[in-house]
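A.B. asks: TrEMBL lists 12-35, 47-68, 89-112, 132-152, 164-183, 189-213, 234-254, 260-285, 306-326, 346-367, 379-410 with the feature transmembrane segment.
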Amino acid sequence: MTNPDHRRLARGTLAFLFGIVSRVAAQLAMLPILFASWSAERVGSWMVLFALPAYLSVVGLAFSGAGGNAALAAAQRGDMADARANFRVTWALSTVATLALAGLFLALALPFEDRIVDGFEMTSDIALLPTLFWLAVYIFAVSQIAVLSLPFRVAGRYPLQTLLINLGLLAEVAVVAVCVSQSTSLALLAMALAIMRLVYLLVVLVIAIRIAPEMFHRGASRIGPVVRSLWKPSTAFMLIPVVYAINLQGYALLVGARYGAAMLAAFVATRTLVRMIDLLTSVIYGVQFYEAGYRDADPEPRRRQLATMTLITALLSVGFGAALLMCGPLAQRLLSVGKTEFDLPVAAVLMMAAIIRALATTPHALIAAQNRQGRLTVLYFAGSVFCLLAAGGLAHIGVPLVLVLLMLIPAELVHTVPAFRIVLRDIALTPGQFLASLFIRERMSDIAKLARIISRPR
């Protein structure tokens with residue numbers, strides 16, 4: 001790696017770490033800000049409606065991920081015309097898909113406004129349709145910002161894009177704080193957030209044009225081949241959040257339905273503690289996903305990367321798991337204000353599943369960066385659905401909760417094992433050779449070198 005590569009890697013890592021801090025800070029600040037000025041009923045109404053952008057914005061993120069991979073690959077081989085074609089088609093597909101979904105949602109909500117308000121027990125003066133309209137504008141702006149990650153990636157400036165995204169999240173908190181202190185209107189808050197995001201979109205667009213002007217040059221685009229190359233990986237990117245929802249909310253619904261609200265509360269509290277490990281693995285995944293496109297095809301650096309990052313992930317995961325099992329009772333009492341108890345067997349099973357999921361971080365990032373994750377994601381989805389159904393069957397016959405949750409382990413293995421098999425085949429390593437490479441002296445020197453690079457971002 002050259003010095004510019006070192007700087008990009010260090011800055012990317014710091015940007016993703018800042019992302020963790022900003023997301024946690026935003027989540028910790030948002031509810032107190034809302035409750036300080038609004039009633040619980042109004043806050044609940046807002047939380048129900050604001051969940052919509054999280055789902056519909058997945059479309060823009062999916063297209064930007066697949067299109068960004070293709071555009072960066074084209075730019076790395078010197079074909080800027082193809083890079084521009086991928087950017088334009090990605091932008092068009094994301095825009096059309098997002099507008100279509102937002103429009104469909106508004107059209108479906110229009111005839112059922114009263115039923116939606118009554119069904120979710122929302123406050124009566126909600127002004128539902130104006131609120132949904134401005135949330136649709138918000139979704140559009142967020143998806144456009146996601147697509148503009150392509151010029152940043154082509155220019156090698158993805159750390160700046162990551163930083164801008166996180167600053168936008170903090171700006172949202174500021175907008176919410178100002179709005180709720182001045183008004184109780186949900187429509188006004190949605191409008192303020194939408195306008196802020198539109199202004200922020202213009203800022204990001206200006207920066208993108210300045211750092212990668214060649215991506216905005218005019219010229220003919222090969223639309224058909226690009227569309228055919230992007231739809232499968234884009235669909236796979238959309239499917240991953242569905243899998244996570246199955247393995248998160250699916251089991252939560254199952255526990256609540258079969259074991260009661262009290263056990264559900266304890267389960268969710270324990271799971272929240274366990275899934276803090278995902279904050280670390282999100283950094284590991286994000287940096288490797290974005291960095292992969294700048295690497296050459298030489299398998300030796302990728303062998304070292306897979307071994308080094310797998311070892312780092314394993315050490316962090318096992319260390320976190322050991323700390324959680326020791327400090328879990330105290331942490332859960334603090335988290336739930338003493339209202340739930342820490343179940344050690346349940347925590348151990350959840351931690352085992354989390355470690356298996358964490359180990360898949362590096363191989364999945366390397367596969368996804370090449371837009372090759374389609375079959376792997378479908379397998380992960382099918383395995384997760386099957387395991388959830390099996391867990392439901394076990395719960396139905398009355399087995400203990402810990403045995404039901406054991407189904408999370410094969411649900412994660414059906415993803416982790418094939419991911420390693422694909423990458424090991426790509427880099428011409430057998431499983432035995434890979435395991436042996438984890439414990440050689442070179443691994444420690446690689447970890448030390450990586451630490452030095454990250455600590456020197458300039």
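Glycine is treated like the rest: Cβ placed from N, Cα and C.
TrEMBL annotations: computationally assigned, not manually curated.
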A.B. asks: Is the transmembrane segment (164-183) in contact with the transmembrane segment (12-35), using at least 3 Cβ pairs under 8 Å (sequence separation of 6 or more) as the test?
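C.D. replies: Answer yes: the transmembrane segment (12-35) meets the transmembrane segment (164-183) with 3 or more Cβ pairs below 8 Å.
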A.B. asks: Can you name the far-off residues of the same chain, 6+ from the ends of the transmembrane segment (379-410), with a Cβ under 8 Å from a Cβ of it?
C.D. replies: 239-240, 242-243, 246-247, 250-251, 254-255, 257-259, 263, 267, 343, 345-346, 349-350, 352-353, 356, 418
A.B. asks: Please identify the stretch among 132-152, 234-254, 260-285 with the greatest number of Cβ pairs below 8 Å relative to the transmembrane segment (189-213).
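C.D. replies: The listed stretch sharing the most Cβ pairs with the transmembrane segment (189-213) is 132-152.
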A.B. asks: Counting Cβ pairs closer than 8 Å, which of 47-68, 164-183, 234-254, 260-285 has the most of them with the transmembrane segment (132-152)?
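C.D. replies: Selected stretch: 47-68, with the most Cβ pairs under 8 Å.
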A.B. asks: Can you work out which residues elsewhere in the same chain, 6+ from the ends of the transmembrane segment (234-254), have a Cβ less than 8 Å from its Cβ atoms?
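C.D. replies: For the transmembrane segment (234-254), the list is 58-59, 61-63, 65-67, 93, 264, 267-268, 271, 368, 373-374, 376-378, 380-381, 384-385, 388, 391-392, 395, 404-405, 408, 411-412.
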